[in-house]
Amino acid sequence: MYTKIFRAVIIGAPGSGKGTISERIVKTFGFLHISSGDILRQNIINNTDLGRKAQDFINSGQLVPDEIVTKTMLARIREVGNKSYILDGFPRNSAQADILSAREQIDAVINLNIPHDVIISRVKNRWIHAPSGRVYNIGFDDPKVPGKDDVTGERLTQREDDKPEVVAKRLQLYDELMSPVLAWYAERGLVTSFKGRETKEIWPRVERFLKDKVQG
(Lines of atoms letter the chains of each structure in order from A; the text may use other names.)
(Lines give C-alpha, C1' and ligand atoms only; values in the text may rest on other atoms or scores of the structure.)
Protein backbone atom coordinates (compact mmCIF):
# COMPACT_ATOMS: atom_id res chain seq x y z
CA MET A 1 0.00 0.00 0.00
CA TYR A 2 1.11 3.56 -0.64
CA THR A 3 2.44 5.32 2.44
CA LYS A 4 2.61 8.94 1.30
CA ILE A 5 -0.29 10.99 2.68
CA PHE A 6 -2.16 12.50 -0.25
CA ARG A 7 -5.30 14.63 -0.29
CA ALA A 8 -7.30 15.21 -3.43
CA VAL A 9 -10.59 16.70 -4.58
CA ILE A 10 -12.54 15.03 -7.39
CA ILE A 11 -14.79 17.18 -9.55
CA GLY A 12 -17.20 15.90 -12.19
CA ALA A 13 -20.72 16.57 -13.38
CA PRO A 14 -23.63 14.29 -12.40
CA GLY A 15 -23.32 11.20 -14.61
CA SER A 16 -19.61 11.76 -15.33
CA GLY A 17 -18.56 8.49 -13.66
CA LYS A 18 -17.18 10.27 -10.58
CA GLY A 19 -18.56 7.57 -8.26
CA THR A 20 -16.92 4.75 -10.24
CA ILE A 21 -13.56 6.54 -10.46
CA SER A 22 -13.70 7.32 -6.72
CA GLU A 23 -14.41 3.64 -5.94
CA ARG A 24 -11.40 2.58 -8.00
CA ILE A 25 -9.16 5.12 -6.26
CA VAL A 26 -10.28 3.73 -2.88
CA LYS A 27 -9.65 0.15 -4.02
CA THR A 28 -6.30 0.80 -5.72
CA PHE A 29 -4.74 3.36 -3.38
CA GLY A 30 -6.56 2.86 -0.08
CA PHE A 31 -7.73 6.48 0.05
CA LEU A 32 -10.82 7.31 2.07
CA HIS A 33 -13.71 8.59 -0.03
CA ILE A 34 -15.38 11.52 1.76
CA SER A 35 -18.58 12.41 -0.08
CA SER A 36 -20.81 15.28 1.04
CA GLY A 37 -23.82 13.58 -0.59
CA ASP A 38 -23.19 10.27 1.21
CA ILE A 39 -22.72 11.99 4.58
CA LEU A 40 -25.91 14.05 4.19
CA ARG A 41 -27.88 10.97 3.04
CA GLN A 42 -26.61 8.99 6.04
CA ASN A 43 -27.71 11.78 8.37
CA ILE A 44 -31.14 11.89 6.71
CA ILE A 45 -31.52 8.09 7.06
CA ASN A 46 -30.45 8.27 10.72
CA ASN A 47 -32.83 11.20 11.29
CA THR A 48 -30.13 13.31 12.97
CA ASP A 49 -30.58 17.02 13.62
CA LEU A 50 -28.35 17.73 10.61
CA GLY A 51 -30.32 15.23 8.51
CA ARG A 52 -33.63 16.89 9.34
CA LYS A 53 -32.26 20.34 8.47
CA ALA A 54 -30.80 19.06 5.19
CA GLN A 55 -34.05 17.27 4.27
CA ASP A 56 -36.03 20.50 4.69
CA PHE A 57 -33.84 22.26 2.12
CA ILE A 58 -33.85 19.28 -0.27
CA ASN A 59 -37.66 18.98 -0.04
CA SER A 60 -38.04 22.62 -1.03
CA GLY A 61 -35.71 22.11 -4.01
CA GLN A 62 -32.84 24.12 -2.55
CA LEU A 63 -29.17 23.30 -2.11
CA VAL A 64 -28.17 22.51 1.46
CA PRO A 65 -26.57 25.79 2.69
CA ASP A 66 -22.82 26.28 2.72
CA GLU A 67 -22.65 26.54 6.49
CA ILE A 68 -24.18 23.07 7.03
CA VAL A 69 -22.10 21.39 4.30
CA THR A 70 -18.83 23.03 5.40
CA LYS A 71 -19.34 22.21 9.08
CA THR A 72 -20.22 18.59 8.26
CA MET A 73 -17.30 18.02 5.90
CA LEU A 74 -14.70 19.64 8.14
CA ALA A 75 -15.90 17.54 11.07
CA ARG A 76 -15.50 14.38 8.96
CA ILE A 77 -12.03 15.44 7.75
CA ARG A 78 -10.97 16.00 11.38
CA GLU A 79 -12.18 12.48 12.26
CA VAL A 80 -10.12 11.01 9.43
CA GLY A 81 -6.91 12.46 10.83
CA ASN A 82 -3.63 11.69 9.11
CA LYS A 83 -4.88 9.60 6.20
CA SER A 84 -5.08 10.00 2.43
CA TYR A 85 -8.51 10.93 1.15
CA ILE A 86 -10.49 12.09 -1.83
CA LEU A 87 -13.17 14.74 -1.33
CA ASP A 88 -16.31 14.44 -3.44
CA GLY A 89 -18.97 17.17 -3.60
CA PHE A 90 -16.90 19.57 -1.53
CA PRO A 91 -15.81 22.32 -1.93
CA ARG A 92 -18.59 23.43 -4.26
CA ASN A 93 -17.73 27.14 -4.34
CA SER A 94 -14.64 29.29 -3.85
CA ALA A 95 -15.70 30.35 -0.32
CA GLN A 96 -15.68 26.67 0.75
CA ALA A 97 -12.33 26.18 -1.05
CA ASP A 98 -10.91 29.09 0.96
CA ILE A 99 -12.12 27.65 4.27
CA LEU A 100 -10.80 24.19 3.37
CA SER A 101 -7.38 25.49 2.32
CA ALA A 102 -7.00 27.33 5.63
CA ARG A 103 -7.24 23.96 7.41
CA GLU A 104 -5.92 21.35 4.98
CA GLN A 105 -3.33 21.11 2.25
CA ILE A 106 -4.98 19.81 -0.92
CA ASP A 107 -2.41 18.13 -3.21
CA ALA A 108 -4.42 17.74 -6.40
CA VAL A 109 -7.80 18.35 -8.02
CA ILE A 110 -8.96 15.65 -10.44
CA ASN A 111 -11.41 17.13 -12.94
CA LEU A 112 -13.46 14.66 -15.01
CA ASN A 113 -14.23 16.46 -18.24
CA ILE A 114 -16.97 14.45 -20.00
CA PRO A 115 -18.89 16.11 -22.88
CA HIS A 116 -22.46 16.98 -21.89
CA ASP A 117 -23.96 15.11 -24.86
CA VAL A 118 -22.29 11.89 -23.63
CA ILE A 119 -23.74 12.34 -20.12
CA ILE A 120 -27.23 13.12 -21.46
CA SER A 121 -27.18 10.06 -23.72
CA ARG A 122 -25.82 7.84 -20.89
CA VAL A 123 -28.49 8.95 -18.41
CA LYS A 124 -31.28 8.84 -21.02
CA ASN A 125 -30.65 5.10 -21.37
CA ARG A 126 -30.88 4.43 -17.63
CA TRP A 127 -34.06 2.66 -16.47
CA ILE A 128 -34.85 1.41 -13.00
CA HIS A 129 -37.01 -1.07 -11.17
CA ALA A 130 -38.18 1.36 -8.50
CA PRO A 131 -39.18 -1.12 -5.73
CA SER A 132 -35.77 -2.88 -5.69
CA GLY A 133 -33.50 -0.11 -7.00
CA ARG A 134 -32.15 -2.36 -9.81
CA VAL A 135 -30.68 -0.27 -12.62
CA TYR A 136 -30.48 -1.13 -16.33
CA ASN A 137 -28.56 0.71 -19.05
CA ILE A 138 -29.96 0.23 -22.53
CA GLY A 139 -27.23 -0.82 -24.95
CA PHE A 140 -24.88 -1.73 -22.12
CA ASP A 141 -26.74 -3.67 -19.44
CA ASP A 142 -30.14 -4.37 -21.00
CA PRO A 143 -33.02 -6.13 -19.27
CA LYS A 144 -33.72 -9.63 -20.68
CA VAL A 145 -37.18 -8.47 -21.75
CA PRO A 146 -37.28 -4.87 -23.00
CA GLY A 147 -38.93 -2.57 -20.45
CA LYS A 148 -39.29 -5.31 -17.78
CA ASP A 149 -37.35 -6.12 -14.62
CA ASP A 150 -35.35 -9.38 -14.87
CA VAL A 151 -36.43 -10.66 -11.46
CA THR A 152 -40.08 -9.63 -11.06
CA GLY A 153 -41.12 -8.92 -14.67
CA GLU A 154 -42.54 -5.60 -13.47
CA ARG A 155 -42.40 -2.50 -15.66
CA LEU A 156 -39.23 -0.39 -15.59
CA THR A 157 -39.47 3.37 -15.17
CA GLN A 158 -37.21 6.33 -15.68
CA ARG A 159 -36.40 8.63 -12.81
CA GLU A 160 -37.81 12.11 -13.30
CA ASP A 161 -34.34 13.63 -12.98
CA ASP A 162 -32.91 11.25 -15.63
CA LYS A 163 -35.03 12.80 -18.41
CA PRO A 164 -32.83 14.55 -21.03
CA GLU A 165 -34.25 18.06 -20.53
CA VAL A 166 -33.85 17.78 -16.73
CA VAL A 167 -30.29 16.45 -17.09
CA ALA A 168 -29.35 19.27 -19.49
CA LYS A 169 -30.57 21.83 -16.96
CA ARG A 170 -28.69 20.14 -14.13
CA LEU A 171 -25.47 20.14 -16.19
CA GLN A 172 -25.84 23.84 -16.93
CA LEU A 173 -26.33 24.56 -13.21
CA TYR A 174 -23.36 22.34 -12.38
CA ASP A 175 -21.12 24.32 -14.78
CA GLU A 176 -22.24 27.63 -13.27
CA LEU A 177 -21.60 26.32 -9.76
CA MET A 178 -18.26 24.58 -10.32
CA SER A 179 -16.48 26.83 -12.87
CA PRO A 180 -15.38 29.28 -10.12
CA VAL A 181 -14.09 26.38 -7.98
CA LEU A 182 -12.04 24.99 -10.88
CA ALA A 183 -10.74 28.51 -11.60
CA TRP A 184 -9.79 28.94 -7.91
CA TYR A 185 -7.78 25.69 -7.89
CA ALA A 186 -6.35 26.28 -11.39
CA GLU A 187 -4.86 29.59 -10.17
CA ARG A 188 -2.98 27.55 -7.59
CA GLY A 189 -1.79 25.02 -10.19
CA LEU A 190 -3.69 22.10 -8.66
CA VAL A 191 -6.11 21.05 -11.44
CA THR A 192 -5.49 18.10 -13.74
CA SER A 193 -8.31 17.47 -16.23
CA PHE A 194 -9.08 14.05 -17.69
CA LYS A 195 -11.12 14.30 -20.85
CA GLY A 196 -12.92 11.33 -22.36
CA ARG A 197 -16.22 9.70 -23.16
CA GLU A 198 -16.03 6.59 -20.97
CA THR A 199 -14.75 5.66 -17.52
CA LYS A 200 -12.65 2.79 -18.94
CA GLU A 201 -10.79 5.30 -21.11
CA ILE A 202 -10.25 7.80 -18.26
CA TRP A 203 -9.41 5.50 -15.35
CA PRO A 204 -5.94 4.29 -16.58
CA ARG A 205 -4.84 7.93 -16.86
CA VAL A 206 -6.15 8.82 -13.40
CA GLU A 207 -4.40 5.74 -11.99
CA ARG A 208 -1.06 6.67 -13.63
CA PHE A 209 -1.37 10.26 -12.42
CA LEU A 210 -2.00 9.19 -8.80
CA LYS A 211 0.76 6.55 -8.86
CA ASP A 212 3.24 9.24 -9.88
CA LYS A 213 1.97 11.52 -7.11
CA VAL A 214 1.92 9.06 -4.23
CA GLN A 215 5.23 7.48 -5.14
CA GLY A 216 6.94 10.80 -5.87
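Every residue gets a Cβ built from N, Cα and C, even glycine.
Here's what TrEMBL has on this protein:
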- GLY15, SER16, GLY17, LYS18, GLY19, THR20, ARG126, VAL135, TYR136, THR199: GTP binding site (BINDING)
- SER36, ARG41, GLN62, LEU63, VAL64, GLY89, PHE90, PRO91, ARG92, GLN96, ARG159, ARG170: AMP binding site (BINDING)
- 126-161: domain 'Adenylate kinase active site lid' (DOMAIN)
- 125-162: region 'LID' (REGION)
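Broken down with DSSP, the domain 'Adenylate kinase active site lid' (126-161) shows 2 helix, 12 strand, 22 coil. For PHE90 (AMP binding site), the nearest neighbour among the listed binding-site residues (GLY15, GLY17, GLY19, TYR136), judged by C-alpha distance, is GLY19.
With the fewest other C-beta atoms within 10 Å around its C-beta, GLN62 stands out among the binding-site residues GLY15, SER36, GLN62, TYR136. Taking the C-alpha atom of ARG159 (AMP binding site) as reference, the shortest distance to any of the binding-site residues GLY15, ARG126, TYR136 belongs to ARG126.
Taking the C-alpha atom of TYR136 (GTP binding site) as reference, the shortest distance to any of the binding-site residues SER36, VAL64, ARG92 belongs to SER36. This prediction places the mean pLDDT of the region 'LID' (125-162) at 88.
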